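Undergrad: Take a look at this one; I'll ask things after.
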Amino acid sequence: MSDRDSPTDATADSGRPDGADESQPDAVDGEGSVSRPADERPPYVESTIIMTTVRVIAPFVLTLGLFVMFHGASSAGGGFQGGVIAATTVVMLGFAFGIEPIASRLRNEHLALLVLSGVGTFLVVGLGGYLVGDNFLQVSEYETLFHHGSKYSIELVEVGIGVVVSGVITSLFFLLGTGIDAADAADPDTDSEEDR
Amino acid sequence: MSDTLLPLLVALPLLGAVLAVAAGLASERAAAAVTTLVLAAQTGLAGWLGSQAVLDGPLSVGVGGFVAPYGIELVVDGLSAAVLVLVAVVSLAVLAFATEDAPGGTAFYAQYLLLVTGLSGMAVTGDVFNLYVFLEITGLATYALVASAGTGRSAVSALKYLLFGTVAASLYLLGVGYALMATGTLNMADLATELAAAGYDSPLVLASFGFIVVGLATKTALFPLHTWQPDAYADAPDSVSALIAALVSTVAAYALLRLIYTVYTPAFFEAVPVARDALVAFAAVSIVVGSVLAVTQSEIKRMLAYSSVSQYGLVVVGLAIGTPAAVFGAVVHLLGHAIMKGGLFVAAGAVADLTGARTVDEYAGLADRFPVLGGASAVLMLAMVGVPPAVGFAGKWYIALGAVRAGSWPVAVVIFASTLLTLAYFALLVERMFVAPASESVLAATDGGRDGDDDTDALGPSPPSASRPSRRALALVVGAAVVAIVLGVVVTDLGTALEPTIDTLLSP
């Protein structure tokens, strides 16, 4: 039961590669590690065909994702679908050029900001309803501010959803692919306090 | 006027989760501070709106100006007000323990606030599909919190919980789907009239009732659908155990109460008496088996978890019997159980931090060394057994009274038997703590530990480093014990406040 006594240590461990930090002995003897060490992961194989294909179609896929995202309010489409398609771009790039190089460019903070801005957009539109009307998410009242206000405010929510979905899918992909980069690594100041 | 502020009860913790992550990019302490501020604001808001609902009658609003039954309606009546305030207060209180015990990390605070978002949403919503959405938000946040211990065991428990929880939510959704097929509406108040029009004995309505009850009973953890629960409670970090034991199943049981009486109405039970009998039998079995399983446990957190299976059985028996006294008893026991069990889990966590003791035997002699912590825990245990004047007694008394008035003598016998069984496992623990000679881990904690100054800001002291319980944990356990007694004393006032709500619920 020793693993139960120090949950803090174990969490900190799960977020980093094995043995990366000598001051953090693996508190749970491998039991607590949810990431795969680098040498156990399947190797990245460079393929000209895949790289060329991805280079050609990636812009189109991203455009399609945005297209679907921007059609959430008035026609078939929506934030969920669009966000998934947009995130596919990153997944494709990951397979073509290796997950780690891509993940090192799109770091945890970027993805967190992506997700935050998406949820924030929804909340701004929702709470803005109190300013223009007297109810949460009262999109009909945006009509008084600008033409087709209710349509565009719903559209904005859809785009926010799309941004959240693409951010979450990308970070899940990185998390599964690399095991470390996108994980919510604990802040350094917590680690120092729990040395034994 | 204050009606339109209802969505804030859900939007505020959601905004808080976003702010916590944003603040967490700067530092983890900032995330903790944001979480505390947001939960304090949420407590204030819930208290204010809740008091409005109790004093001036139910509040309701159609979100976004879309009128019910087409739009999503949020409703706060006396019952949901009580649950809302409970969620806000308990989450704020447990946070004080979580900041010093918990795995920490920004993600933890975001998940914590998302859990509050989901629970508040379940309490305020007046729409059955919206309830499903909040059920899933609650579930996902809880799975992540259980896994946040970071050990392999907690990951397995969280996965098990995820499988059970997802199946349960899907069953609930299936039931909602059948109800939608029968009536074409999702609004709770509208469903009540439309279901009556569709005929209570129509197969669609019966199937929807069955799926919804089984789905929510799994979330509430009634025997034999409880198997996710002891693992999840035992393997989660101590502060998370306290939070989810106090709130998650409680709100699921509230949802069951809400659906049975607001959506299906007592007239459904009149028309289909077998549904009531089945629910009473189901819950009665849960009471007995939960208690028996609790007696056989040696690990404290598991024992408390199985005790919850039994206590939720009591709650469901109360709401299934359906007399005003029994339903009031169920509500009182629901609230009281949340306070008592939350306090006991905090106590278990504090003891584990201090001494490393996690089993009944290791608790031996605890009260000698830590008289306040041991005393307050004993008060909570006795309150749970149902010793007057604590709230555990009040809840059981009203449920038993309702059962007797309804002529369900076997249920009254089961309640009495469960009280004896509850006494069996808690009395054993109290005897260990107060009478038995001190165990090695307790001795080690008091003699070998260095005399710490109890810096309450320090993150989870690794055992056995501190020789006194942290002030926050102590304050929480003592506070829970005081609240358990006070609630028991003022239970008649609570009854007066909730009477109009319960009368409305039970009116056919």
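Backbone N, Cα and C atoms are what each Cβ position is placed from, and that goes for glycine too.
Annotations for this protein, taken from TrEMBL, read as follows:
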| type | residues | note |
| --- | --- | --- |
| REGION | A:1-41 | region 'Disordered' |
| DOMAIN | A:49-170 | domain 'Na+/H+ antiporter MnhB subunit-related protein' |
| TRANSMEM | A:56-74 | transmembrane segment |
| TRANSMEM | A:80-99 | transmembrane segment |
| TRANSMEM | A:111-132 | transmembrane segment |
| TRANSMEM | A:152-176 | transmembrane segment |
Undergrad: What counts of helix, strand and coil residues does DSSP assign across the domain 'Na+/H+ antiporter MnhB subunit-related protein' (A:49-170)?
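TA: For the domain 'Na+/H+ antiporter MnhB subunit-related protein' (A:49-170), the helix, strand and coil counts are 100 helix, 0 strand, 22 coil.
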Undergrad: Quick test of the contact rule: Cβ under 8 Å, at least six residues beyond the ends. What residues does that give for the transmembrane segment (A:80-99)?
TA: 44, 46-47, 50-51, 53-55, 57-58, 61-62, 64-72, 106, 158, 161-167, 169-170, 173-174, 177-178
Undergrad: Tell me, roughly as an integer, the mean pLDDT over the domain 'Na+/H+ antiporter MnhB subunit-related protein' (A:49-170).
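TA: Summarising the domain 'Na+/H+ antiporter MnhB subunit-related protein' (A:49-170) by its mean pLDDT gives 88.
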